[in-house]
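**Student:** One structure coming up, written as structure tokens, with questions to follow.
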């Protein structure tokens, strides 16, 4: 009895370690959203021009997730995590030292390389190390690391950038990553590659219409979200006319609400993943459509950001659950594809927001994002009725 108890504690501790790593990786992915104005000022550029960095980062991840995963499919996972953290840390040092926007983009590409591998293996590792029957909860814990990156990492990174310069934000992330690396070395066991799949897995996965439908849903809904979210900081200051401090508070609210979404999914995700995801997409649609009307009031924007954060966390978790349920025999390949497709959506959304801001008006980003959100809602209803599946069923 004691052994089992200790075993469960150790299992959860390892999952928590991965959650901390997720926090670090998502902090660096999200933090430029809160630093666009500062970086633009530093390099004498427009905010929308700097925003293209978000698209470059996301599309590098999208392009490299599957190739890197296949290249490292036989590498022991603990060793792989250590190596990618070394690349991650070195790239942040370069971000700190960057003397031009081009160098900053190059450093972000290095981070994106590490990101591409990390997110293709993390979800399956969390499920693998979780106590029996706690797979959805393990995923929820990883997602909590993601949410904390938004509720703590992004606002703190923005505050550091405001008071000490945006370079110090990236340097601080590098320090945090180094500490996390030491923890990984200490706590994680040897993790031989299991069920990672190979290039031979791709035709099999592509012949699963339910899985392909989930991938399509993912890219559409993520595009909708990032069309507006990528430029929420300049939107709050330049369109709504509120202070930089309120922009920080709004990002804090949105991230904190993500934790609520994580808790909701942890309790209901095993049984009601499909219904939760469709409801969350509908909620996202409403939030995007109301973004500009809500911009006349700090309270209205605050309430909207809470529902927005809840919706996106449930959507992200739900998509992962579906992918893992539909590809239990090739989890790493399936998640590498998912990570790549998710980042195609991030890059597409950031690019659409960039073009809307440059050639139309930044005030329209919510309305434009609502269009793919509506398409995603209809598609989710169709596919979830046709292919209902939960994580615990592990149905192909």
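The backbone N, Cα and C atoms fix where each Cβ goes, glycine too.
Take a look at what Swiss-Prot says about it:
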TRANSMEM  15-35  transmembrane segment
TRANSMEM  50-70  transmembrane segment
TRANSMEM  81-101  transmembrane segment
TRANSMEM  103-123  transmembrane segment
TRANSMEM  136-156  transmembrane segment
TRANSMEM  170-190  transmembrane segment
TRANSMEM  209-229  transmembrane segment
TRANSMEM  246-266  transmembrane segment
TRANSMEM  275-295  transmembrane segment
TRANSMEM  299-319  transmembrane segment
TRANSMEM  333-353  transmembrane segment
TRANSMEM  364-384  transmembrane segment
**Student:** Do we see three or more Cβ pairs under 8 Å linking the transmembrane segment (209-229) and the transmembrane segment (275-295), pairs being at least 6 apart in sequence?
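**Tutor:** Contact confirmed: at least 3 Cβ pairs fall under 8 Å.
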**Student:** Short question: most Cβ pairs under 8 Å with the transmembrane segment (81-101), which of 15-35, 136-156, 246-266, 333-353?
**Tutor:** 15-35
**Student:** Is the transmembrane segment (15-35) close to the transmembrane segment (136-156), in the sense of at least 3 CB pairs under 8 angstroms with a sequence gap of 6 or more?
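**Tutor:** Contact criterion met.
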**Student:** Apart from its near flanks, which chain residues at least 6 from the ends of the transmembrane segment (333-353) lie with a Cβ under 8 angstroms of it?
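**Tutor:** Non-local partners: 51-52, 54-59, 61-66, 68-70, 116, 119-124, 196-198, 201-202, 205, 211, 215, 218-231, 319-320, 323-324, 326-327, 365, 368-369.
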**Student:** For the transmembrane segment (246-266), which partner among 50-70, 170-190, 275-295, 299-319 gives the most CB pairs under 8 Å?
**Tutor:** 299-319
**Student:** Sequence-remote contacts (6 or more beyond its ends) of the transmembrane segment (299-319), Cβ cut-off under 8 Å?
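**Tutor:** For the transmembrane segment (299-319), the sequence-distant neighbours (Cβ-Cβ under 8 Å, at least 6 residues beyond its ends) are 139-140, 143, 146-147, 150, 214, 217-218, 221, 225, 236, 240, 242, 249-250, 253-262, 264-265, 269, 273-274, 276-277, 279-281, 283-284, 286-287, 290-291, 293, 338, 342.
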**Student:** Please give the sequence-distant neighbours of the transmembrane segment (50-70): residues at least 6 beyond its ends with Cβ less than 8 Å from one of its Cβ atoms.
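**Tutor:** Distant contacts of the transmembrane segment (50-70): 29, 32-33, 36, 39-40, 43, 101, 104-105, 108-109, 111-113, 115-117, 119-121, 196, 198-199, 226, 230-231, 332-333, 336-337, 339-348, 350-351, 353-354, 357.
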**Student:** At a C-beta cut-off of under 8 Å, are there same-chain residues at least 6 beyond the transmembrane segment (103-123) that contact it? List them, or none.
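**Tutor:** Long-range Cβ neighbours of the transmembrane segment (103-123): 18, 21-22, 25, 28-29, 32, 39, 43, 53, 56-58, 60-61, 64-66, 68-69, 72, 77, 80-81, 84-85, 87-88, 90-92, 94-95, 97, 139, 142, 170, 196, 320, 324, 331-332, 335-336, 339-340.
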